[in-house]
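Asks: So TrEMBL lists the following for this protein:
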DOMAIN    B:32-413  domain 'Major facilitator superfamily (MFS) profile'
TRANSMEM  B:164-184  transmembrane segment
TRANSMEM  B:190-212  transmembrane segment
TRANSMEM  B:238-257  transmembrane segment
TRANSMEM  B:269-286  transmembrane segment
TRANSMEM  B:298-315  transmembrane segment
TRANSMEM  B:321-347  transmembrane segment
TRANSMEM  B:359-384  transmembrane segment
TRANSMEM  B:390-409  transmembrane segment
Amino acid sequence: MTADPARSRRVRAFVFLAVMLLAVGGSVAYVARAYGDRVRASSGPDRADTAADLAAVTARPHVVFRSTAPGPAEGHVAAVPVDAAGGPRAVTPAVCDRVYATRAHAVCLAAEATLNARTYRVRVLDPGWTSGHDLFRTPGLSSRTRLSPSGALVATTAFVYGDSYNSPGKFSTRTTITPVGDTRAGTDLENYTLTIDGRVTRNPDRNFWGVTFADDETFYATAATGRHTYLVRGSVRARTLTALRRDVECPSLSPDGTRIAFKKHGTLADGEWRLAVYDLRTTRETLTAETRSVDDQAEWLDDTHLLYGLRTGPVKSGTTDIWTVDASGGGTPRIFIPQGWSPSVIR
Amino acid sequence: MGRVYVSLRDRPAGDAGDTPGPGAVRRRVASTVVLLGLVSMFTDVSSEMVAAVLPLYLTAELGLGYVAYGFLDGAYQGVSALVRMLGGYASDRTGAAKWIAVLGYGVSAVSRLAMLPAHAFLAITAVVTADRLGKGLRTAPRDAMIAAASRREDLGRAFGVHRALDTVGAALGPLVAFGLLAAVPGGYDSVFVVSFAVAAIGVALLVLFVPARRALPAARLRARGILRELTGRRLRRPVVACALLGAVTVGDGFLYLSLQQRTDLDATFFPLLYVGTNTVYLLLAVPLGHLADRLGRARVLVGGHVALLAAYLVAGGPVPGVAAVVATLVLLGGFYAATDGVLPALVSPLVADEARASGIAAAQTAVVVARFASSVAFGALWAVSGPGTGLVVFAALLGVVLPAAAWLLRSAEAGR
């Protein structure tokens, strides 16, 4: 306890210097290595066959998706023919985190890092994939987007965590439906009139996400309030939402307009869902043969098959693939497009 | 985004100190206070780095759904209130405030590294909870150390200096994190590693350079003595005043949201509102702390709440616009600068030195619990009547409560 104070001070200064050196040196080394890995991965050869011809692929029925194969094309929008989906892909110049395409055009959500937060740019891309125009920017995490079949309306969902900053345990979503020609985000679904079990609810914890369009007037989406989620049918003109059924998230309407593919939470653990199909005519619900947890808005390949993104393997070295499974509940899931994400089918 | 917590950031107590230069009008703040400020700065850089990227990491990288994030957010915010009392009590009982604080800072630092292998929802919840536990544990002993190292008449400025450094860290953290993500896209592991390194520097500063003033066993209070101090009438009045004021304090997130809805502000500016408030807070923390030492802490604290009342009226008033946005941010920043560090400066001389950390913790907990209740109530009011009316109602409530709280605070400060 009675050590020489000057010596003790020197020792402490030396120890602190060592900690500083370790901390700064270790950080720099770690980040430099991560940066190097990143550069190598994106400059090496593409890990997927990108030899397909874009014009030839898009002339036939095809699937547009985000390519997640490591290499220079990672993050680019790509396309494969429906009848040769596992084969070579045609890569477009567009880079998107989430993409959805119709014959008319595509909508592209691209992350933009600002100084202290993350925002997304919502862009409409022309069929050539090189030109387009910005619709608007949205804060938070943008994760769902759909175009109406005519291409006239864009729906986007952003997960905004700033909103619920001071309300512990809350999160909020901002889902808007915007005409493609506009440059401002359209009406937030929170401004629509929501009716559940015949009663209008104005609960402040209302949240909406995952729009799927029937046409330019009718759409389906997820509404959440209290501890429940609902499938709602919406009217663009009347600005109304009517709850049809409980425990439905991220609906996706079949091409024939009769069924809804969705994520069912049921009694699973937090953050887990099963992929299921709800028949609007018979109100019957069918679980698909996919038993792994699916957190994606499914897309219909045709009237009998679903497409959905799934992450497999460990977070760092794992991949995201686009899988397919029968909508009827039978069959077995299989990979439809390896190393892809965010599929949309152009028939 | 730099953050101003709805909870009080920290809380202290105390009087005599080791500051040199008696007689000087503007004495230098004790080196211990500056050191603790730097420790907080490094730790806040570290924790805000993780907080800023956590939603992105969970949803975009790990693919956990929104609902899972909401659940986690609740765990993130809710854990520390009880542990805060425990940290204050343990600090007083053992007389080793520094080592309780080291434990708190250390747990949070190590939790950054634990983020690396934690990929499952439960594992991440556990790591985030550990971080919050560390924060709860360290706050009261740390503030007690600030108070112990400062002269009674300089407490306001000492806490102002600490809070200013702390806020610098909160503002820098997100910048560092998003800068890293820009350089290494998807490099969340880099963010966690750098965050750990920064936190380790903070802990090293604390362990190596902040003096441990271990109280002699004879000078320590037993559990009953601490309880007597906590329930004593000198502390009771400011604690009741804190609870009253906290119960009509609307979280700044609501104010921003109201501004955004009513002014049609581009939603991407939202994070900048936090930066604006923090910048004002940062600039005013020291001057207002100094002012509190000269004019009276109760007076400045009440003045801060007048600024808050004005902020409600501007944000909820009839003419929102860019000027209203700027005015709200300035008023809100001024409110934090006039209260966050000033309250502990007011409370700490009212408790015996041996129960200082517990007294601080009690006042902090009162405010946090009251503000939580207030945010629930305001959320309900917002739903029924909309943001404008809600803010005007809360302004009226604050106007009613303020004179009573002012009387309680001023009489407590005057020792009547």
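Any Cβ shown, glycine's included, is placed from N, Cα and C.
Quantities reported herein were computed from a predicted structural model and do not represent experimental measurements.
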Asks: Test of understanding: applying the rule of at least three C-beta pairs under 8 Å (pairs 6 or more apart in sequence), is the transmembrane segment (B:390-409) touching the transmembrane segment (B:164-184)?
Replies: no
Asks: Residues sitting near the transmembrane segment (B:321-347): Cβ under 8 Å, six or more positions beyond its termini, same chain?
Replies: 4, 8-13, 143, 146-147, 155-156, 158-160, 162-163, 235, 238-239, 242, 252, 255, 259, 263, 265, 273, 276-285, 287-289, 292-293, 297-298, 300-301, 303-305, 307-308, 310-311, 314-315, 359-360, 363, 367, 409, 412-413
Asks: Quickly jot the same-chain residues contacting the transmembrane segment (B:390-409) by Cβ under 8 Å, restricted to those at least six beyond its ends, or write none.
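Replies: For the transmembrane segment (B:390-409), the list is 237-238, 240-241, 244-245, 247-250, 254-255, 258, 297-298, 301-302, 305-306, 308-309, 312-313, 315-317, 346, 378, 381-382.
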Asks: For the transmembrane segment (B:190-212), what are the same-chain contacts with Cβ under 8 Å, counting residues 6+ beyond its ends?
Replies: 32, 35-36, 38-43, 45-47, 49-50, 53, 96-99, 101-102, 105-106, 108-110, 112-113, 115-116, 145, 176-177, 180-181, 184
Asks: Taking residues 6+ outside the transmembrane segment (B:269-286), which of them lie with a CB under 8 Å of any CB in it?
Replies: 1-4, 157, 160-161, 163-164, 167-168, 170-171, 174, 252, 256, 259-260, 325-326, 329-330, 332-334, 336-338, 340-341
Asks: What average pLDDT is reported by the model for the domain 'Major facilitator superfamily (MFS) profile' (B:32-413)?
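Replies: Residues in the domain 'Major facilitator superfamily (MFS) profile' (B:32-413) carry a mean pLDDT of 86 in this prediction.
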